[in-house]
Every structure is written in C-alpha cells, then in structure tokens.
Amino acid sequence: MIEFNFEVLRRIGFNQFTASQLAGLEPAAEGARLMRLTEVQRDWLTVHDGNAEYKARALPRLIAECTLSVGDWLVLENNSHNELWISQQLPPANHISRRSADGHRQSIASNIDTALLVMGLDQDFNLRRLERYIAMVQSAEISPVIVLTKADIAVDINEHLYDIRRRIPSHIPVTCINALSRDAINELAPWLGAGQTLCLLGSSGAGKSTLTNTLSASHQETGGIRKGDGRGRHTTTARSLHLCADGTCIIDTPGLRTWCPDADEETLASVFTDIELLASDCQFRDCRHESEPGCAVRGNIHADRLLNYHKLLRDAQRSQQTPLERIAEKAKWKVINKAGTARSRDKRN
Ligand SMILES: Nc1nc2c(ncn2[C@@H]2O[C@H](COP(=O)(O)OP(=O)(O)OP(=O)(O)O)[C@@H](O)[C@H]2O)c(=O)[nH]1
Ligand SMILES: [Zn+2]
C-alpha cells in the first residue's frame, strides 16, 4: 500500500473517493508517491505532490492509451537516473473528453467536482454553445454552473438572463460576475473550498484565465481583447491545474472550437431531461418531435433548443463512427453523387 499524507494531498484536491481507489492499485516500488497531474504539454507532464511541482514522464503504455489528463491521480516512481516516471493511474471519479470533427478523442480533465461554463455577456453569448457544454459535462456526470463574465461592461444582462431561463433547465445555477474583481470569489463561494476541483470551460476570450487568476491570485498571462470581436488572443494553449489559497483546485482549459461531447446518443438524450420528460406523453413512442402528430415536446420546448438537441444527437452519431465506417460512408456518398451526376448528364443529352 502506498503511503500518503491526507492533509498535504488535500491541498491538491485529495478526497475520500480518491482515497478509496488506492486499494485497487498494483503493488508499487518502495518510495513510490501519489501525485496529481497539473499540466500536460506535448513533451512533458507536470505533477504536484501537495508541496511542490515536478516534471515527469509517463511509461509508453500510459501515453499510448492516451488517457492521461489534468486532474488525474498518479503513482510516481524514481528510476536509477533519479528521473520521475508515472507508473500507474488511479481510475478517475469522472472525466471530460471531447471528439473533434474527425472523431478523434481528446481528454480534457479528470476528477472534477463542478464545471464552470464561462461565457461573456458580450459577443461571446451563445445559447447553443452553452447547451453543448451543459450536455458535455452532464453526460460525464459533473454538475455545471453557468458563469456569465463581463457583467461590469454588459448593457443587457437581464435580457440575457431571461433568454437563459426560457430554455435552460432552471436547476442549473447561473451567476453574473466581473472576472477581474475579487467580488467574483464571493459569488462563486458555494463551489469553492478545500478538496474541491473546478474545471473552467468556454470559448476563447470568455474570461477563463482572468477568472483563474482572480480565484487563485496567480498571474497567468491573459490576452488583451482583439479590437472588434471581444475575443482573447488565444493565451491558454494547454490545460493546467492551479491551486488557490483556500484549497480549491482550478483546471483552466483552452477555448475549444469545433467539438462534440464524447458521449453516445442515449447518454446525450438523457441529459436533456426536459425533453425526455415531455417525450413520454408523445403519441408515438419513437416520436422524433419533428412533424409527427400528437407530439408533446414540440410547442413546449424552445424551438431552437429542440433543433440544437437534434444537431447534437446527429453529431454524436457521426463522431461515434469508426474511421473505417466513415471511409465507407464517404465512399457510399461518392457513388451516390456520381450516379446523380451521371443521371443528370444523361437527362441533358
Ligand atoms: N471588463 C471585463 N473584462 C474581462 C472580464 N473577463 C475577461 N475579461 C477580459 O477579456 C479578455 C480575455 O480574457 P481571458 O481570460 O484571456 O479569456 P480566456 O477565456 O482565458 O481565453 P483563452 O485563453 O483564449 O481560451 C482579457 O482582456 C480580459 O481582461 C470581465 O468580467 N470584465
Ligand atoms: Zn414528440
């Protein structure tokens, strides 16, 4: 059994769940230590033991499995050259990952208590994107909190709040903050504290690094706003874990462009609880809530939310295809398109 000091590890988010996972570890070499992954860069990993940060490398097997992400709890051993190597990964309590347009999976963060969905009350405000983030974190069984930034310069806060309340389930908390002000700490107090790990998600320029700095009082560089579009200058390039004086851990992430939650259709559908509940009253069991008669969903759910829901399910279906299935699908469409072109050529002749 690996030795550990609860109080020291508590500073980096150690909790009862992680403690309970220790029993399942393989026997570790003498002197092996438990640490948390705080940064993943292309060529190295940074780990923290509660007292200090170290650079480490992972056994090729762990790299190949591609499952390492910021927030993971790991077992580290020193080799004969005094280099730190990651030898084991504890199964995470939860894990956020996404799929890119080509179906490629990317790990974002592990062992999260609360996901702060950061969105600016400026040009960044986008309800469809917000719904995607909610689906992403809820399908990973993580509670979301909507954090609207730039409240200090916004002119139509009430209008934006009204729009959110009209289509986003009301049990999801919403806060408006100025990410540059320490008042943000009071606003977010219910989700902060020792042993708590937050993950900040949102588009580039939304204010994630600014909020991370305010909460952790660190000085991570933030980008100035590009004139005109209110977006940041893509300052955050990697996911990283920051420690706050009160013991909260914050995982800052770079703004994601095109992505799909890494969940199957069924899981995604199940997080749209408002639609699921109403759907049980639809006349047809397999109602798609599109044009079927006796649909209990259409008309009771914001039309754009329903459209977004369908798009999300389609995207999930597409990104779940294996590379071979995608090639086969492309080939099928090529044949269909070719046949179509040939038919219209024949018609013309
Ligand atoms: N006035 C005001 N400015 C803010 C607020 N939040 C962020 N900003 C500014 O918006 C710009 C972008 O903020 P960042 O924190 O770099 O945005 P980010 O979400 O980390 O962006 P990426 O790192 O690109 O993903 C910076 O110039 C911040 O000073 C806020 O609440 N009020
Ligand atoms: Zn229906």
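Yeah, the Cβs are placed from backbone N, Cα and C, and that goes for glycine too.
Look at TrEMBL and you will find 104-259 tagged as domain 'CP-type G'.
Residue counts for the domain 'EngC GTPase' (110-257) under DSSP, helix first, then strand, then coil, are 40 helix, 31 strand, 77 coil. Here TrEMBL flags 110-257 as domain 'EngC GTPase'.
The GTP binding site feature in TrEMBL is assigned to Thr149, Lys150, Ala151, Asp152, Gly202, Ser203, Ser204, Gly205, Ala206, Gly207, Lys208, Ser209, Thr210.
Residues within less than 8 Å, Cβ to Cβ, of Cys282 (Zn(2+) binding site) and separated from it by at least 6 positions along the same chain comprise His289, Glu292, Gly294, Cys295, Ala296, Val297. The Zn(2+) binding site feature in TrEMBL is assigned to Cys282, Cys287, His289, Cys295.
In this structure, none of the binding-site residues Cys282, Cys287, His289, Cys295 sits close to ligand 1 with a C-beta under 6 angstroms from any of its atoms. Regional average pLDDT for the domain 'EngC GTPase' (110-257) in the model is 87. Between the binding-site residues Thr149, Ser204, Thr210, Thr149 has the most other Cβ atoms inside 10 Å of its own Cβ, all protein chains included.
Cβ neighbour counts within 10 Å, taken over all protein chains shown, single out Lys208 as the most crowded of the binding-site residues Lys208, His289. When Cβ neighbours within 10 Å are tallied across all protein chains shown, the highest count among the binding-site residues Ala206, Cys287 belongs to Ala206.
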